[in-house]
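Read through the structure below, which is laid out as structure tokens, and then see the notes.
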Amino acid sequence: MGSLLSACRINVEKKKVEEERHLRANDREYNLSFMYANNAIKTSKYNVFTFLPLNLFEQFQRLANAYFVFLLILQLIPQISSLSWFTTVVPLLLVLSITLAKDLSDDITRHKNDKHVNNRKVEVLINGDEKWMNVQVGDIVKLENNEFVTADLLLLSSSEPLNLIYIETAELDGTLIKYTISILYISGEVRCEPPNNRLDKFTGTLTVRGETFALDNERILLRGCTLRNTEWCFGLVVFGGPDTKLMQNSGKSIFKRTSIDHLMNFLVMFIFGFLAFLCTILSIGNGIWEYKEGNSFITFLPRADGANASLSAFLTFWSYVIILNTVVPISLYVSVEILRLGNSYFIDWDCKMYHVKSNTPAQARTTTLNEELGQIKYIFSDKTGTLTQNIMTFNRCSINGKSYGKSSKKYVKVRKTEKIDFSWNSLADPKFCFHDHKLVEAVKSGSPEVRAFFRLLALCHTVMAEEKTEGELFYQAQSPDEGALVTAARNFGFVFRSRTPETISLVEMGVPTTYELLAVLDFNNVRKRMSVIVRNPEGKLTLYCKGADTIIFERLHPLSSKLMEVTTEHLNEYAGEGLRTLALAYKDLDEDKFEEWKERHHEASTSLEDREAKLDAIYEEIEKDLLLLGASAVEDKLQDGVPQTIEQLAKADIKIWVLTGDKQETAENIGYSCNMLREEMKEIFIVASNTAEEVREELVNARKKMSPESGDEPPIEKSRFLGKKSQVVEDEKVNGEYGLVINGHSLAFALQKDMQLELLRTACMCQAVICCRVTPLQKAQVVELVKKHKKAVTLAIGDGANDVSMIKTAHIGVGISGQEGMQAVLSSDFSFAQFRYLQRLLLVHGRWSYLRMCKFLRYFFYKNFTFTFVHFWYAFFCGFSAQTVYDEWFITLYNLIYAALPVIGLSLFDQDVNDRWSFQYPQLYAPGQLNQYFSKMAFARILLHSCYSSLILFFVPWAAMCDTVRDDGKDIADYQSFALLAQTCLLIVVSVQLGLDTYYWTAVSQFFLWGSLSVYFAVTFTMYSNGMYLIFTSSFPFIGTARNSLNQPNIWLTIFLTTILCILPVVAKRFLFIQLKPTINDKVAPRKVPRRRISTRRSGYAFSHARGYGDLVTSGRFLRIPVKTRSALFPHTDTPVADSTPQTYRTIYEGAQSP
């Protein structure tokens, strides 16, 4: 067996997990011995030989498809089948073919892309030009400017004088330009981490001539990047093809399914059980009939040998499984995919969600979640770059206990006249604005603290400087904060000019100065600070550190305690204005101690195991006993339309939680600015305790204030929401609106297992929740908590890499394409450029998609059940013989042609109100949150409605046809005439029902509906013609039935009567409900105001000395009810938000009477 598998080239041994990678530069023989993957990539799923079998295998894993194959097998058994094979084969082949064509097109595109990428050329040092797919690990390749990076490379040298290169990483994380440090070696041995998907981390060592160098992420160039502004560079291939970090990150993302998907799966399983139940009843009926009446027909229908009533009942069961198969919707899944794809295109094509300034359209990155957008209850939002613009300006600062800069709230008018003139600094940025002359005077007067402050800002960063012409500096910053701070230092006389791996060059008050860069203690989300160690020209060693104030203050020397108190007051003031703050500190170092620390730092940096943990410990040793310099504050303004958007979403009963890493005061101020926290709220609770017990006490006290009658134990309901068993915490009644602000330290306690339900109960009672100082992990934990224990759909929106985990955790992930790259967009389900577009995505596209999907499902099940139940009633009149009531061709074409396109038209174009009314009445969104349009109860009502319709559709034609004759006295009460009448009544009834369900008629909807009816009559007259009978006698037995029956007035009278009886209860019910129990849609449905008759009598005084009221009269404004409007929170200049978001709101009364 092993030899057979070997012959088939199937690897029977489990692949050994790679723990560490070893490679040598330019030594292919050595590197090939490890059998590393080459540089070829393969993203396609199939090839010529595997496409058909593998794709069919995948499709038959769907229960409905497998079921219809089973039906086809049953139809091939003569003793069972009463239907021709084509009634199942034609629909099945059509469904399979549509899916095959779609998958084939997608895979051909993937093959073309793979071929294009694999055949790119690159210059290899030992072999010359090679195709990308032939490049091996250990090869040294040469890249030229604007070329794509071949594989994951260790940079060796570049054309730049300082061995720096510029790379564009837009295909990886969206960052436009980064710089990477090269190392001047073209030989040696590399030991590094195995392949992984961490884009921001690399651990390895390079050994050359016995000397070991640490390798980190700054020296790695990843596949997917592009070389920019660099003539050439050489790199050593470390990972190739599928092992590259880009390909490691292109694995399957989390497959998200909607609540309707899970409900449909449940309903399909129920339908299978229901079908078995119906078939069992009919088979029992057949057994009884055969036992009592069957002997009377033996003369005409002789039984086979050994046949009896029991065997007949058994065979009849399977026969009715075939006949009643239409209750199992084979075309349901294909139709749903078409519907979702169409609604996704509507999002992509929406011009009102297109951002002109950045040339960014909205994008539906997945086509499976559209209707979920209409059911959102909780939104989790990042702040920086999502609610704000993420364009930073240096606004205020505190230096040595003195505050500089003007408050944005007090000096709005002064700003225009008191702008500082920086003409004394030839290297100043002309775009920089500042309004406090005292700070310039302090710099010019030589204040040591002020100069040290700006020196720190000019040295402690990772910014790159470009100087294309003398004096014109352009900064490349990895974050807007750093760019703003370095630009501030530049304007106040401390100009960052250039850097090398070993030095930083400044111009300090016009004097060029070069600092030796000894170490960079980089920033990360855990450290929340960054430090550099430099040696000034006089040889003095200094550590400069900047970071979050809570982190810096913990590491200050006791001498800075008084200054810390004053600076804290300033920080609170800045945060109250919504500014982003950083604390700045420094420390002079002893030469001997630093050398000792440097050795241990080198050991930690070259370690392959737990390098990050060891480095953090080393950093902690030196980053202590710091001396405080002051604090900086930069302004990040709100995006256009954020307050209006949040107000609209709140009116739609959507709760918004902001999860941010900013200070509590900053977060609170932004909460008020963007209209989340409002003065009219009864109370805003602040949870900022330092112990678990205190946090629990504050949460309980807040809950008791909001709902005094709430018990100690949460109201838990065991539920199966979205296909998962869970304990759902029910909503508790609250009088009034409340807000909650909780910091990261308290949140860490609140997320513990024994306290998380208390956090959930308290937070969900509040209209708005702000979590500040939170980590990316805590963001995901908060989303998961709500997702797990609330019967609600969640949405997370963000713009940065720290939001990715939150976006992936939520039911719906939305990415903002902003200043922090494309990581969030690449991980999202939907993306656009501005937060304000979220209201259109939810209140318009989401609501419409949910409404259309629910209408589609209701109508789809109605028409199928009605069609099938007529067979059930007919069984009682045909001796349970499994004879069909319809023509076989009608059975085949009913769901494929006659009733397919009208429902597609309904589900693509229908809308209850237009987009402007959707904005004006955001309360229309509520039914989706409550699953009112489609649920198990709605399905039960559809079942009863179908049962009633089928009774009418069978018994009225039956009664009308019984003992009926034509105008010429000939009998027309035959089976074929009855079949034609029944199927014509059915098609007209379901078409009229669809017309009643349609709110918004389009030309396409009209064409599909009338076109389908026309096709039915055309096909019917064709198939029942003499010609078809003569050509295919056995396939078209209904010769002449159509022309003999449909020319009789009593037949059309029967069709009309049947239609009226089926539709009348529906119309009556809707009329009564609108009058007695109107829905929210009924209350806000736009009504046409009758136009008044215009008088033709001339006025006695046609001219007036003053301007009259002609414009007002002709506009009709004086006839309208005055509408209360809210004043805009800020002027709408140069923004399209007003076009798509009317600032007019009306109250919807919950009483029976419409306002």
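All positions are counted from 1 along the displayed chain.
Cβ atoms here come from the backbone N, Cα and C positions, even for glycine.
Copied over from TrEMBL:
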| type | residues | note |
| --- | --- | --- |
| ACT_SITE | ASP382 | active site, 4-aspartylphosphate intermediate |
| BINDING | ASP382, THR384, ASP799, ASP803 | Mg(2+) binding site |
| BINDING | ASP382, LYS383, THR384, GLU482, PHE523, LYS546, ARG580, THR660, GLY661, ASP662, ARG773, LYS779, ASN802, ASP803 | ATP binding site |
| DOMAIN | 825-1078 | domain 'P-type ATPase C-terminal' |
| REGION | 702-722 | region 'Disordered' |
| TRANSMEM | 83-101 | transmembrane segment |
| TRANSMEM | 266-289 | transmembrane segment |
| TRANSMEM | 309-334 | transmembrane segment |
| TRANSMEM | 856-877 | transmembrane segment |
| TRANSMEM | 889-909 | transmembrane segment |
| TRANSMEM | 942-960 | transmembrane segment |
| TRANSMEM | 980-1000 | transmembrane segment |
| TRANSMEM | 1007-1031 | transmembrane segment |
| TRANSMEM | 1051-1068 | transmembrane segment |
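Here ASP382 (active site, 4-aspartylphosphate intermediate) is compared against the binding-site residues PHE523, ARG580, ARG773, ASP799, and the shortest C-alpha distance is to ASP799.
When each of the binding-site residues THR384, ASN802 is scored by how many other Cβ atoms sit within 10 Å of its Cβ, ASN802 comes out lowest. The Cβ of ARG580 (ATP binding site) has 23 neighbouring Cβ atoms from other residues within 10 Å, across all protein chains displayed. Residue environment of the residue listed as 'active site, 4-aspartylphosphate intermediate' contains 29 other Cβ atoms, counted within 10 Å of its Cβ in all protein chains. Cα of ASP803 (Mg(2+) binding site) to Cα of ARG773 (ATP binding site): a distance of 14 Å. The stretch in 266-289, 309-334, 889-909 that contributes the largest number of Cβ pairs under 8 Å to the transmembrane segment (856-877) is 309-334. Taking the C-alpha positions, the distance from ARG580 (ATP binding site) to ASP799 (Mg(2+) binding site) comes to 17 Å. For the domain 'P-type ATPase C-terminal' (825-1078), the model gives a mean pLDDT of 87. Here the transmembrane segment (942-960) has Cβ contacts under 8 Å with residues 858, 861-862, 865-866, 868-870, 872-874, 877, 885, 978, 981-982, 985-986, 989, 1050, 1054, 1057-1058, 1061-1062, 1065-1066 of the same chain, all six or more residues outside its ends.
Packing against the transmembrane segment (889-909) from elsewhere in the chain are residues 83, 86-87, 90-91, 94, 326, 330-331, 335, 338-339, 342-343, 852-853, 855-856, 859-860, 863-864, 867, 979, 983, 987, 990-991, 994, 997-998, 1000, 1002, 1004-1005, 1007-1009, 1011-1012, 1015-1016, 1019-1020, 1023, 1036: each is 6 or more residues past its ends and has a CB under 8 Å from a CB in it. Put simply, of the binding-site residues PHE523, GLY661, ARG773, the one whose Cα is nearest the Cα of ASP799 (Mg(2+) binding site) is GLY661. In the structure as shown, the Cβ atom of ARG773 (ATP binding site) sits within 10 Å of 22 other Cβ atoms. Between the C-alpha atoms of ARG773 (ATP binding site) and THR384 (Mg(2+) binding site), the distance comes to 12 Å.
It is 11 Å from the Cα atom of THR384 (Mg(2+) binding site) to that of ASN802 (ATP binding site). Packing around PHE523 (ATP binding site) is summarised by its Cβ count: 19 other Cβ atoms lie within 10 angstroms of its Cβ, all protein chains included.
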